[in-house]
Every structure is written in structure tokens, then in C-alpha cells.
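Features as listed in TrEMBL:
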type: DOMAIN; residues: 49-349; note: domain 'Dihydroorotate dehydrogenase catalytic'
type: BINDING; residues: A66, G67, F68, D69, K70, T90, N151, N184, K225, S253, G280, G309; note: FMN binding site
type: BINDING; residues: K70, N115, R116, M117, G118, F119, N184, N189, N254, T255; note: substrate binding site
type: ACT_SITE; residues: S187; note: active site, nucleophile
Amino acid sequence: MYTFLRNLMFQLEPEKAHYFAMNSLQMGCRFAPIKKIIQQNCSYNHPKLEKKLWGLTFKNPVGLGAGFDKNAIYLGALDCLGFGFVEIGTVTPKPQSGNEKPRLFRLTKDKALINRMGFNNDGVVAIQERLAMWRNKTNTKHPSNLIVGANIGKNKDTPNEEASLDYCLCFNSLYDTADYFVLNVSSPNTPGLRALQEKEALREIVSKVQNANYGKTKPKPILLKIAPDLSNQAIDDIIELAEQTQLSGLVVSNTTIGRETLLHTSKAQIDAIGAGGLSGAPLYQKSNTILSYVATQTQHRLPIIGSGGIFTGEQAVEKIKMGASLIQVWTGFIYEGPGIAKNICKTILQSE
Ligand SMILES: Cc1cc2nc3c(=O)[nH]c(=O)nc-3n(C[C@H](O)[C@H](O)[C@H](O)COP(=O)(O)O)c2cc1C
């Protein structure tokens with residue numbers, strides 16, 4: 001059934017298909033009988049899937065990665081699809097429209113995507129209001145145990161030297177409404193952003209956000225999302241910093257700028273697409289290498305959210321065995337469809 005729908009969707013330009021599919025799902029979920037059918041077909045609940053981490057209870061360890069619901073519009077619908085958690089964002093202080101379109105490309109033969117979205121989002125004020133409204137609704141009319149993380153970043157026109165101000169502003173604005181935070185310094189599509197992964201630049205951002213966090217009555221978990229293209233030395237520096245600043249964990253990993261993986265898509269097509277982050281199947285091994293390195297170096301002390309190329313339950317289990325406490329899908333959702341969380345949950349349960 002999904003193969004048929006996917007073939008239809010793939011006739012549309014990728015970004016249009018994304019919004020068309022999500023708006024349709026969201027609309028469907030407004031009608032109780034349709035919502036029930038979707039929930040019955042897509043979610044899979046079992047007490048053994050529950051995961052307690054950072055004082056939060058995840059109903060299952062399968063999340064949706066940042067960038068899918070950048071503006072916190074689709075949380076109700078995503079909850080119906082059985083995800084244990086959704087990471088909204090990347091949110092920046094001011095709204096921004098992102099890079100010129102087209103900026104999202106399918107590499108169908110490779111089960112991959114290339115994107116150079118550039119942090120298009122409605123800005124922290126609008127997103128905070130939307131998230132607060134959703135919280136309000138779930139506290140009254142529609143209870144939900146979906147965990148919502150906020151992935152935060154800096155505006156394109158904020159110089160790197162002032163980046164910590166943007167991260168602090170987003171953190172403070174979303175503090176009351178998000179369950180956990182991810183500092184995104186690893187997207188390839190904001191010029192210079194990845195330079196913030198360098199030791200001293202990162203220390204400035206992380207320590208300022210942690211200062212703000214520890215000034216609150218109940219500090220929230222703060223994680224850092226890293227690129228899969230880092231050297232071992234750079235990862236060692238990040239681990240050291242994460243331990244010194246008491247980060248709650250790492251998200252491993254973001255998309256890759258590398259094109260060294262053998263792709264079925266022709267070089268001419270790849271060149272024509274141009275710059276951007278590659279995600280999906282070709283990212284799986286590369287993100288696993290980094291995940292495994294981080295887990296070994298930290299002796300599994302630092303919780304990891306495993307992200308990169310997960311399509312099946314077996315792949316999720318492999319990441320968990322390597323050291324991930326939770327996992328996230330993104331590109332796999334596009335190719336495998338709305339049953340992905342349920343399928344992965346079933347396999348995780350069987351593997352226990
Ligand atoms: C279109 C698109 C937009 C994305 N936007 C963001 C983003 O705003 N912030 C972020 O941290 N990651 C973003 N990501 C990265 C994903 O969250 C995820 O880490 C990455 O795609 C690897 O997982 P996958 O192979 O399962 O897709 C984006 C990915 C895609 C495909």
C-alpha cells in the first residue's frame with residue numbers, strides 16, 4: 001500500500017510532497033475514527049519498550065530526527081504514528097526562509113536524500129507559542145506521552161563569535177515547553193556553522209547554555225549533535241568538553257558532506273545537485289563508525305541518540321548494540337512509510 005502511495009508522492013517535487021503528505025495526515029488525524037485507524041496500524045505499545053533516561057520516560061526508543069517537523073506543526077499526527085519522541089527544529093531566534101529552492105533532492109536508487117535547506121523555520125517566538133498550545137491541548141483534551149526535544153541553532157546572519165547568544169536565546173525561550181535540547185553545530189547548510197564544532201568555539205556555546213540551564217530550578221537535558229565527517233581528534237575534543245560541561249549526551253550523527261560512498265546515482269547527477277547533506281542508506285556505516293567510536297571512548301558513559309541511515313528494525317538494534325540509548329529516523333521514514341516506528345519497535349522487542 002505504501003509503495004503505491006510513495007510512487008505517487010515521488011512524482012511531486014520532494015519538499016512539496018513532504019508538506020502535502022504531512023498536511024493530509026494532520027487533517028486525517030482531526031477525525032477521531034481516522035485517527036484511531038492510523039494509531040492502530042502505526043503504533044506499537046509494550047511496557048518493555050519503555051526507556052527511562054534523563055528523568056524522562058520515552059514510551060519507546062524510536063524518535064523522529066530534527067528537520068522533519070521544524071516548526072512544531074505536526075506533533076499530533078506524529079504522535080499517532082507511534083514515535084516515542086520527536087525533535088523539532090532546528091529553531092533559530094529569528095524566522096528565516098532558508099536557501100533557495102530546490103534544496104531537497106531524492107536519490108531514489110540509493111535510498112538517500114541530499115538537502116541544503118538552510119534552517120528554514122518560523123523563528124523561536126512562533127514555534128514556542130505553537131509548542132505551548134500543543135502542550136496545553138495534551139494537558140486538557142488529548143493526553144499524550146510523546147517526548148518533544150528542541151534542536152536549536154543560530155541565524156545565518158549571526159556571526160560565529162556571537163553564536164552563543166542565539167543558542168541561549170532559543171534555550172531560554174523554549175525551556176518551559178521542550179523536554180530536552182540539542183545544540184546543532186553540525187548542519188552543513190549554514191555557512192561556517194560546522195566551525196563551531198571546534199574546541200574553543202564549542203566551549204563558549206555549551207558553557208553559556210549550561211550556565212543558563214543550571215540557573216533554572218530544574219535543569220533540562222542538553223545534548224550536542226555532531227557531524228559524521230569529524231576526525232577522531234575532533235571527536236575526542238568534543239567528548240572531553242561534553243564531560244567537562246556535563247552535557248547529557250550526543251546525537252550521532254547529522255548528514256554528511258562526504259560523497260565518497262559508492263552511490264548508484266550517477267556522478268553527473270550528484271554534481272548537478274551540488275552542495276548539501278547526504279542522508280539515508282549511504283550514511284548508515286559512516287554514522288555507525290562514529291557512534292561506535294564515541295561509545296568506546298566514553299566507555300558507554302555518555303548517552304547517545306543514534307541517527308543515520310536507519311530503515312529497518314535490525315539496523316536500529318545494531319545501533320543500540322553499539323551503544324545508542326535511543327535512535328532516530330528521517331530518510332527511512334520517507335522511503336519506508338508511516339509503519340516505520342511500529343516495525344522498528346517490534347524488532348527491538350524481539351531482540352530483547
Ligand atoms: C530535509 C532534511 C532536513 C534536515 N534538517 C535538520 C535540521 O534542521 N537540524 C538537524 O539537526 N538535522 C537536520 N536533518 C538531519 C536529520 O535530523 C538526521 O540527523 C539525518 O538526516 C540522518 O538521518 P537519516 O539518515 O535517517 O536521514 C535534516 C535532514 C533532512 C533529510
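Even glycines carry a Cβ here, placed using N, Cα and C.
When the binding-site residues F68, G118, N151 are checked against ligand 1, N151 have a Cβ within less than 6 Å of one of its atoms. Binding-site extent for substrate: residues K70, N115, R116, M117, G118, F119, N184, N189, N254, T255, maximum pairwise Cα distance 16 Å (rounded to the nearest whole number). According to DSSP, K70 (FMN binding site) is assigned to coil rather than to any helix or strand. Excluding the listed site residues K70, N115, R116, M117, G118, F119, N184, N189, N254, T255, the same chain places G67, T90, G98, S187, P188, T190, G277 with Cβ atoms within 8 Å of the centre of the substrate site Cβ atoms. The separation of R116 (substrate binding site) from N151 (FMN binding site), Cα to Cα, is 17 Å. Counting only the Cα atoms, the space from K225 (FMN binding site) to N184 (substrate binding site) is about 5 angstrom. Here the Cα atom of G118 (substrate binding site) is found 8 Å from that of the residue listed as 'active site, nucleophile'.
Under the three-state DSSP scheme, N151 (FMN binding site) falls in the strand class. Sequence-distant contacts (6 or more apart, same chain, Cβ under 8 Å) of F68 (FMN binding site) comprise L78, V86, W330, F333.
The two recorded residues, R116 (substrate binding site) and the residue listed as 'active site, nucleophile', show a Cα separation of 9 Å. Under the three-state DSSP scheme, G280 (FMN binding site) falls in the strand class.
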